Amino acid sequence: MSEFWHKLGCCVVEKPQPKKKRRRIDRTMIGEPMNFVHLTHIGSGEMGAGDGLAMTGAVQEQMRSKGNRDRPWSNSRGL
């Protein structure tokens, strides 16, 4: 009898787990923004193609002057 179970065990292979399908996100799953503070606009004229990222420092300085830097969501690192 034990020989039967031994032979049966070598033929039974564990099936791989099916991959979980990612749920598609729709509008009902997204809430309103929290703690949103509008600081400034950056338009295409302000960040010209010739300037590259040279204007980044000026934009950062403008954003710093707009409000409190001690917010919990504030990032102290530069771009």
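Using N, Cα and C of the backbone, Cβ positions are placed for all residues, glycine too.
Summarising the annotation, Swiss-Prot assigns compositional bias 'Basic and acidic residues' to 63-72.
If you average pLDDT over the domain 'CRIB' (30-43) in this model, you get 82. Sequence annotations record features per position, and here Swiss-Prot assigns domain 'CRIB' to 30-43.
Annotation source Swiss-Prot lists S-palmitoyl cysteine at CYS10 (among others), citing a curator's inference.
The S-palmitoyl cysteine annotation in Swiss-Prot covers CYS11 (among others), and the record cites a curator's inference as its basis.
Annotated region 'Mediates phosphoinositide-binding' per Swiss-Prot: 19-24, in sequence order. Helix first, then strand, then coil: DSSP counts for the region 'Mediates phosphoinositide-binding' (19-24) stand at 0 helix, 0 strand, 6 coil.
Under the heading region 'Disordered', Swiss-Prot lists 48-79.
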Secondary structure content, the domain 'CRIB' (30-43) (per DSSP, counts of residues): 0 helix, 0 strand, 14 coil
